[in-house]
Amino acid sequence: MESMPVSPTFLRIRVIAFSLIAFLSFLWAILYTLDMYWLFDTMGAPERILISLMLLNSSATCIILLVLITREFRPWLDVARVLLLFATHICSAVGYTIWFPTYSCPGTEPASMCRMFNVYILAINWLDIVLLIIYAWGLTTLMVIRRRAAKQAHLDIPEEKFEIDAPDAVEIGRGSLIHTIRDSPARTSQTPSTSSSFYPAPQTASPYQSRHNSTQSSRTQTSRTHSRTLTMSPIVEEPRVPEPAVGKPDLSPRSSARLSKARQSFM
């Protein structure tokens, strides 16, 4: 539940509420200080102790709430700190309410100021408690909503898996089964079984027929290649160079007589 996101609206309301309570606590601390400064001589020991405790409580409330604003929001820590502040404020408010009727201001000149301070202190004690109760109610509502959302999400997980993931698993199973059947050695063999009645038994050719068929196929392939070459490549005729004319040598009568004698002697 801690990891679930929190609404930004609630975080803004939380910052505003803490800032308001801290500001009011700061004002109450100033009021308690002025009360003790102006009416210190007319107060008894119990009144001084009670006002001092309320001053300390307001100062601690202001500091704690400002620290909570700067820290990361955690519901259970907020609940614990708010309960601590609520307990201290309720104790001081109840104690001051019980003591208020029995306190009598002196009959001197600052009597009206004394009564005014007492009424203000009584009102501000309960005002802080009301603000803390409102924030605690909002925090409790948020935690309940988050817990219900977490339970609903936990219940919806199996249904989503059954509706969405199950068909994918079936398709994956079918695909792997078909792939296994297609890739099995019995299916991928090129030679059909001779015992099957569907495929006829293959005929075995004699060696002479095999040699004749191979020779004929090679010739056919050669003729196809030759015809394709003749078809695709154009015929370019090379220019013919005329051969030089070789004439018979002109022989003189003496040379011809010598050649004839040599031939006769050789014969």
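A Cβ is built for glycine as well, from the same backbone N, Cα and C atoms used for every other residue.
Taken straight from TrEMBL:
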type	residues	note
TRANSMEM	12-34	transmembrane segment
TRANSMEM	49-70	transmembrane segment
TRANSMEM	82-99	transmembrane segment
TRANSMEM	119-145	transmembrane segment
REGION	181-267	region 'Disordered'
COMPBIAS	186-208	compositional bias 'Polar residues'
COMPBIAS	209-231	compositional bias 'Low complexity'
COMPBIAS	253-267	compositional bias 'Polar residues'
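Under 8 Å from some Cβ of the transmembrane segment (12-34) lie the Cβ atoms of residues 51, 54-55, 58-59, 61-62, 65-66, 68-69, 73, 78, 117, 120-121, 124, 127-128, 131-132, 134-135, 138, all in the same chain and six or more residues away from its ends. Outside the transmembrane segment (82-99) by six or more residues, the chain places 46-47, 50, 53-54, 57, 60-61, 64-65, 121-122, 125-126, 128-129, 132-133, 135-136, 139 with a CB less than 8 A from a CB of the stretch.
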